[in-house]
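The domain 'Pyruvate carboxyltransferase' annotation in Swiss-Prot covers 13-265. The site 'Transition state stabilizer' annotation in Swiss-Prot covers Arg21, and the record cites sequence analysis as its basis. Taken from Swiss-Prot, the feature substrate binding site applies to Arg21, Asp22, Ser175, His204, Tyr295, supported by sequence analysis. Residues or ranges marked as Mn(2+) binding site in Swiss-Prot: Asp22, His204, His206. The active site, proton acceptor annotation in Swiss-Prot covers His25 and rests on sequence analysis.
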Amino acid sequence: MTSNFNVEAGDKLYIQDVTLRDGMHAVRHMYGIDHVRSIASALDKAGVDAIEVAHGDGLSGASFNYGFGAHTDWEWLEAVADVLEKSVLTTLILPGVGTVEELRRAYDIGVRSVRVATHCTEADVSKQHIGIARDLGMDVSGFLMMSHMIEPEALAQQASLMESYGAQCVYVTDSGGALDMDGVKARLEAYDRVLKPETQRGIHAHHNLALGVANSIVAAQCGAVRIDASLTGMGAGAGNAPLEVFIAAADRKGWNHGCDVMMLMDAAEDLVRPLQDRPVRVDRETLALGYAGVYSSFLRHAEKAAETYGLDTRTILVELGRRKMVGGQEDMIVDVALDMLKEQQA
């Protein structure tokens with residue numbers, strides 16, 4: 001049934017910042033404690049509803065496969081918990097990567113909202129994590145990654161599973177930045193056919209086809225109350241929907257969001273952009289992610305493999321897309337590069 005949320009009627013959007021989680025990918029998980037503290041404080045003062053903090057691949061994502069971080073999840077979370085006054089401290093967990101024990105530890109630090117993330121066809125593995133998070137009294141969202149890879153009706157059935165486990169919100173998560181506005185609309189309309197009106201909908205956009213803001217606007221018009229975004233778009237690939245840009249566009253439409261756009265602009269330019277060792281933007285490599293429908297966090301791994309083996313990053317990414325590789329298969333990027341090198345030398 002249709003979502004209870006109506007942005008055009010003045011209902012307030014729920015702005016979820018992901019600068020300190022998805023943004024970890026953009027800096028290879030190397031945020032310092034002072035960085036996360038200052039960014040979180042600025043976001044809190046600017047009025048965002050929630051701030052997500054974790055390794056880019058969620059709690060306990062630090063590994064040889066995903067990459068190690070400058071600090072532990074607990075150090076980052078504790079630093080942010082110390083400075084928040086209004087925003088809800090949020091984290092992300094992937095069943096099979098993060099355990100329920102880590103979820104409990106995050107709760108003890110002050111996390112009160114969690115997104116339980118699975119590949120778009122694997123909602124069934126989220127049942128335990130969603131259930132325990134609800135038992136802890138947390139706000140819980142289901143996060144269906146790579147939502148472009150299956151048809152809207154199939155995605156909606158996965159969303160329905162997450163709802164049945166206790167998720168209070170279910171996201172269309174465009175991890176590859178491969179959806180356009182029609183694709184977002186079709187998926188949220190499919191959600192309407194199976195989800196309860198009181199179950200919130202969310203959108204997590206990536207900007208690989210430069211559609212992050214447009215997709216988020218369409219999602220809100222289709223009943224999505226929760227909007228993921230990050231300062232300067234700080235995130236995997238070409239980044240997420242840039243928060244300050246989305247809020248400016250929402251202001252132009254007269255939507256209710258509760259954020260100060262000027263403060264967000266300042267935080268983006270003064271605190272976040274200087275940290276980018278690789279510009280977060282649409283360029284030939286990040287565009288290839290959206291074009292091929294590849295998991296956005298593969299970017300830095302593919303660039304490293306291309307440099308090591310003398311290949312073009314784009315050809316690696318396109319081949320990963322052809323093979324339909326998904327999040328968690330980062331170790332296969334080197335295998336693909338070696339296969340391509342053999343073909344060149346044959």
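Start at 1 and count along the chain as shown; that gives each residue its number.
From the backbone N, Cα and C atoms, a Cβ is placed for every residue, glycine too.
Annotated features, which come from Swiss-Prot, shown on the structure.
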residue	record	Cβ neighbours (10 Å)
Arg21	site 'Transition state stabilizer'	31
Asp22	substrate binding site	29
His25	active site, proton acceptor	26
Ser175	substrate binding site	32
His204	substrate binding site	31
His206	Mn(2+) binding site	31
Tyr295	substrate binding site	28
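Among the recorded positions listed here, namely Arg21, His25, His206, His206 has its C-alpha nearest to that of Ser175 (substrate binding site). Here the domain 'Pyruvate carboxyltransferase' (13-265) has a mean pLDDT of 96 out of 100. Separating the Cα atoms of Arg21 (site 'Transition state stabilizer') and His204 (substrate binding site) is a whole-number distance of 13 Å. Here the CA atom of Tyr295 (substrate binding site) lies 10 Å from the CA atom of His206 (Mn(2+) binding site). His25 (active site, proton acceptor) and His204 (substrate binding site) are 15 Å apart (CA-CA, integer value). Cβ atoms within 8 Å of the centroid of the Cβ atoms of Arg21, Asp22, Ser175, His204, Tyr295 (the substrate site) belong to the same-chain residues Val18, His25, Gly56, Met145, Thr173, His206, Gly235, Ala236, Asn240, Ser296, Ser297, site residues excluded. DSSP assigns His204 (substrate binding site) to a strand segment in the three-state reduction. Listed in sequence order, the residues Val18, Thr173, Asp174, Ser175, Gly177, Ala205, Asp228, Ser230, Gly235, Ala236, Gly239, Asn240, Ala241, Ser296 complete the 8 Å Cβ shell around the Mn(2+) site centroid, once Asp22, His204, His206 themselves are left out.
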